[in-house]
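First up is the structure itself, then whatever we jot down about it.
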Amino acid sequence: MKSFYLETFGCQMNVVDSEQIVGLVQSLGYSSVDSPEQANLIILNTCSIRARAERKVYGHLGRFKPLKQRRPELIIAVCGCVAQQEGQRMLEKVPYLDIVCGTHNIHRLADMVRDAELHRARHVEVDFLEADKRRRLFPERAPSAEVSRFVTVIQGCDNFCSYCIVPHVRGREVSRPSAEVLEEVRLLVEQGAREITLIGQNVNSYGCKEDDEISFASLLRKVAEVDGLERIRFMTSHPKDLSDELIDCFADLDKLCKHIHLPVQAGGDAVLKAMRRGYTRDQYLGRIERLRRVCPEIRMTSDVIVGFPGETESEFEQTMDLLERARFTEIYSFIFSARPGTSAADLPDDIPKEVKQQWFDRMLALQEEITRQYHQMDIGQVLPVLVEGSSRQGNGQLFGRTTWNRIVNFDGNPDLVGRIVPVRLTVAYRNSHLGERV
């Protein structure tokens with residue numbers, strides 16, 4: 001039997017794309033294996049959000065070269081954002097690569113693989129599709145009994161933040177028809193899903209460009225009506241598009257988890273303007289204030305970039321002050337990495353490397369203390385936990401997540417998977433809590 005090995009890098013959008021890829025190659029008679037050495041077909045689904053992620057892809061491809069030399073019939077494919085960005089250059093850089101499949105072309109992957117099998121043909125397909133075709137083009141995903149699943153509601157991004165490659169590799173915003181979203185949610189619940197995360201580069205702008213479509217807040221309310229669904233999450237949200245209507249959903253919908261990821265990126269107006277974020281510091285803090293007023297128990301995470309071109313010590317201190325005010329439970333922090341094709345790549349990199357690292361370390365230390373305070377505060381609380389499966393610690397425990405998206409490991413029987421159970425948090429670790437079932 002033919003076999004394939006798939007490795008996924010990057011965001012939740014790529015996770016969904018990979019599930020579609022699995023469905024497509026299984027339709028050709030391929031079965032999944034755990035290592036590239038066993039595979040007849042190797043697929044990398046890639047991320048190019050930062051230079052490091054791109055380098056990682058080429059590093060992996062280098063390790064596959066000896067496999068291709070030993071087995072010339074082996075098919076190697078690269079999908080996703082690096083494929084979209086590099087296109088034909090990938091085939092030139094990696095002469096043993098067979099397929100380069102862009103973000104709009106996953107539906108064509110089965111045909112490309114079949115052609116590579118029969119004719120040893122090499123393929124590059126990275127053309128963007130028209131919006132109407134993209135809107136209805138979602139290949140069937142491989143079935144899964146996982147408790148928590150992602151559902152794509154919008155693709156692409158229209159914001160063109162100056163540092164971000166996403167609009168260049170994912171294209172402009174296109175909302176998926178709400179009827180299709182609801183149909184997929186129902187199907188996944190029938191397969192065993194109890195939690196659905198609605199995803200997109202900017203879910204808040206769902207439906208804004210389609211005259212016949214509902215708002216994202218209205219979509220949330222319809223998803224909440226699906227029988228058998230216990231929890232809803234969504235990501236990612238752009239602060240400038242976070243409406244009062246959407247914020248009110250946190251108070252109105254019991255199924256909506258009390259957590260939001262709201263990337264701020266910087267704390268000073270000058271840097272935010274240079275980033276083309278479309279909001280000010282005060283406007284961002286105003287959204288946070290309203291979220292907490294409407295839903296006092298909500299917790300927030302965020303993204304922050306340090307060392308953006310032109311950033312001053314004073315502007316960095318404004319970011320530190322914003323972290324103190326916002327009190328995120330966690331941040332995903334990065335030192336600025338210029339991406340080719342973005343407008344920020346043309347700006348002078350005028351901040352010394354050691355200064356960037358110093359700022360980054362200070363910011364990380366501050367946030368780690370805030371995070372530690374949250375985790376210690378939670379010890380002793382009894383919280384509803386959706387049980388997702390066996391703990392990744394490999395110690396026979398189960399794991400699940402709180403409404404705040406915090407991982408909890410605890411002792412319990414496997415028949416609890418898929419249920420929401422009360423768990424008392426007993427010990428706090430950096431990335432999880434230990435608990436005991438009540």
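Glycine residues also receive a Cβ, built from the backbone N, Cα and C atoms like all the rest.
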Same-site [4Fe-4S] cluster 1 binder from Cys81, Cys101, given that Swiss-Prot records Cys11, Cys47: Cys81
For Cys157 ([4Fe-4S] cluster 2 binding site), nearby residues of its own chain (Cβ under 8 Å, 6 or more apart in sequence): Cys164, Val166, Pro167, Arg170, Arg172, Glu173, Gln201, Asn202
Tally of residues which DSSP labels helix, strand or coil - the domain 'MTTase N-terminal' (2-118): 63 helix, 23 strand, 31 coil
Binding-site residues (Cys81, Cys161, Cys164), the one with most neighbouring Cβ atoms at 10 Å: Cys81
Alpha-carbon distance [Cys161 ([4Fe-4S] cluster 2 binding site); Cys11 ([4Fe-4S] cluster 1 binding site)] in Å: 18
